[in-house]
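This report refers to the structure that appears directly beneath it.
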Amino acid sequence: MATLSSYCLKIDTLRASNSTVFLPVSVASLICDCQFPPKTLISCRSSINLRLKFSDPYNKATGHFQIHSDRFGIQYKSRRILTRTPVVRADANQIDDDEEAVEVSKVNGSSKKEADLEQQHKSSQLAKRVVFGLGIGITAGGVVITGGWVFSAAVAAVGFTASREYFELVRSQGIASGMTPPPRYVSRVCSVICALMPLLTLYKGQIDVSVASAAFVIAMALLLQRGNPRFSQLSSTIFGLFYCGYLPSFWVKLRCRLLAPALNTGVGATWPILLGGQAHWTVGLIATLISISSIIAADTFAFAGGKAFGRTPLTSISPKKTWEGAIAGLTGCIVTSVLLSKIFSWPTSMFSAIGFGFLNFFGSLFGDLLESMIKRDAGVKDSGSLIPGHGGILDRVDSYVFTGALAYAFVRNLLPLYGV
């Protein structure tokens, strides 16, 4: 007798046809870790009766997947968990490519055991996020306070890893199908240059000539390659150079090049002489700590506010973001900036502290949205899997990419006497 089980399905293609066609369908039990979201969009009319017959050649079992208007169900004549991609035969009657999408989100027949396993998996993922998040936060705080070549080397390592993830996104099926990605040797050279930029910034201060020279070398390498050079190769590579190398270097400028002492802060007076004493607490150090703390507060408040009050979508680029969450994030960012400015006695003006909070929030928000746009076009959820529970490096630092440049410009050019 057929048993009712619950599965996540993803239909890769669905073509119009008057006859039976073979369509690839990925099937995985909810007990397993699915590689696609539980909600899958299937292009069909809301009133269509679509029946997919599938068989598992390894298990000698058959079943069917059937859609009736807004509900679906799966019958599979086996209790064995199906983890392979089965052979599928579908009757796609009068289905056109331009039809509206029907969201399949209701899973029938979910057992209590499967629900418990899914809840345990979510709890495990949350625990990983918290543990690794705390570890990253504590390590980053120590690196920022240390400064110098330690901070610059950390930014260089992040830039190199982020560059590798960026070029993998460029080569992904979602983006590469509409453009020609750069050759691998060019992307590797670009990643090395991105890693060198923060180090050059530490010792040279200005890297404008170095960036222009690197862009020229990369452009020549692309133009002289074998085959047919494409503009998409040039644009994606130069943007990667700017996004993963040049912009992160402003954090080195902010932390390590703004050496004016923050004389009003009480923390410096009690700082050990062996660790630099009062002189260690510079405008650059305090501005970096406030900026990073404000970004963390913005992300935290936006997440909490969106979960609790989120109703109005902010943008189609990132459907989970809401206006309510953004307002909560802005509030948390400004409050954190003002509180820390009182603790460190920098900047001395309340108006400057509020403006710094605004700048940090909008820099982090648009940095996050930009990376979401890249991932959306690439068709992936995370930029990588380097950090358990958090995804890739780009997923963690996207809010910081533009903020360093904005913070440096604010302190360097808009605050009189660097806000002291």
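Quick reminder: no glycine exception, Cβ is built from N, Cα and C everywhere.
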From the ranges 21-41, 231-251, 399-419, grab the one TrEMBL calls transmembrane segment.
231-251
Answer with yes or no whether the transmembrane segment (209-225) touches the transmembrane segment (350-370) by the criterion of at least three Cβ pairs under 8 A, sequence separation 6 or more.
no
In the same chain, who gets a Cβ under 8 Å from the transmembrane segment (281-304) while lying at least 6 residues past its ends?
137, 140, 144-145, 147, 251, 254-262, 265, 267-268, 271, 321, 325-326, 328-337, 340-341, 344, 346, 356-357, 360-361, 364-365, 399-400, 403-404, 407, 411, 418-420
